[in-house]
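Below is one structure, written out as structure tokens; the observations come after it.
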Amino acid sequence: MSQGAGGSRSRLLLLAGLLLVLGPSPTSSIHVYTQREVYGTVGSHVTLSCSFWSSEWISEDISITWHFQAEGSRDSISIFHYAKGQPYIDDVGSFKERMEWVGNPRRKDGSIVIHNLDYTDNGTFTCDVKNPPDIVGKSSQVTLYVLEKVPTRYGVVLGSVIAGALLLVAVVVALVYLIRYCWLRRQVALQRRLSAMEKGKLQRSAKDASKRSRQAPVLYAMLDHSRGTKAVSEKKTKGAPGDSRKDKK
């Protein structure tokens with residue numbers, strides 16, 4: 001019995017030593033994602049998206065927190081908090097009447113919307129998520145830039161200028177294609193005319209050759225006839241003196 005108890009005690013001591021060496025089991029890491037930059041105009045609204053990934057099931061104790069650091073400031077204030085299934089908008093700052101919760105933790109979404117933007121909203125927003133026991137992780141930041149609202153008249157003028165420029169480009173392209181089409185058509189007509197002239201020349205040369213071939217035998221016959229007539233006349237001329245001698249006798 002003493003040997004068995006000593007063996008079990010030694011095993012427990014060995015296990016405790018291993019636990020001390022290895023330490024507690026590491027906590028899972030949660031990952032939070034936001035956009036880097038978001039742009040909006042004065043008087044409009046903007047959505048600050050925040051999504052997260054957790055290796056654990058979404059627990060009832062999940063919490064989502066948004067902080068805001070104004071442009072040029074070193075201090076950060078809490079403007080929104082989600083816990084125990086309820087969203088809470090903090091009274092600090094100017095976002096109380098202008099913020100809307102549009103997230104859904106079950107879909108791993110912690111997004112918010114800010115309405116009626118103003119220049120004072122320029123700054124950095126930080127989204128932080130905890131999903132126990134998955135609580136270790138790095139928050140994510142998004143920078144908001146609020147720009148001046150573009151006047152309606154200016155927008156109409158700008159749109160008209162862009163439309164006019166596009167129309168001018170379309171007209172130039174159409175003219176280029178029309179000129180090219182006319183040039184190609186003229187080249188085809190000229191090629192056909194040259195082909196017809198070349199064909200006419202060949203036909204005329206063939207007719208001239210056939211005429212020359214027909215006239216050659218006639219010329220040869222006339223030459224032969226003229227040569228025969230000349231020979232007969234020469235014979236008569238030679239035979240005339242003999243006849244005169246016979247008459248004298």
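Every residue gets a Cβ built from N, Cα and C, even glycine.
Sequence annotations record features per position, and here TrEMBL assigns compositional bias 'Basic and acidic residues' to 224-249.
Annotated domain 'Ig-like' per TrEMBL: 26-143, in sequence order.
Annotation comment: TrEMBL describes 223-249 as region 'Disordered'.
Here TrEMBL flags 1-29 as signal peptide.
Long-range neighbours of the transmembrane segment (154-183) within the same chain, counting only residues 6 or more positions beyond its ends whose Cβ lies under 8 Å from a Cβ of the stretch, are absent. What TrEMBL records for 154-183 is transmembrane segment.
Counting residue by residue with DSSP, the domain 'Ig-like' (26-143) contains 6 helix, 62 strand, 50 coil.
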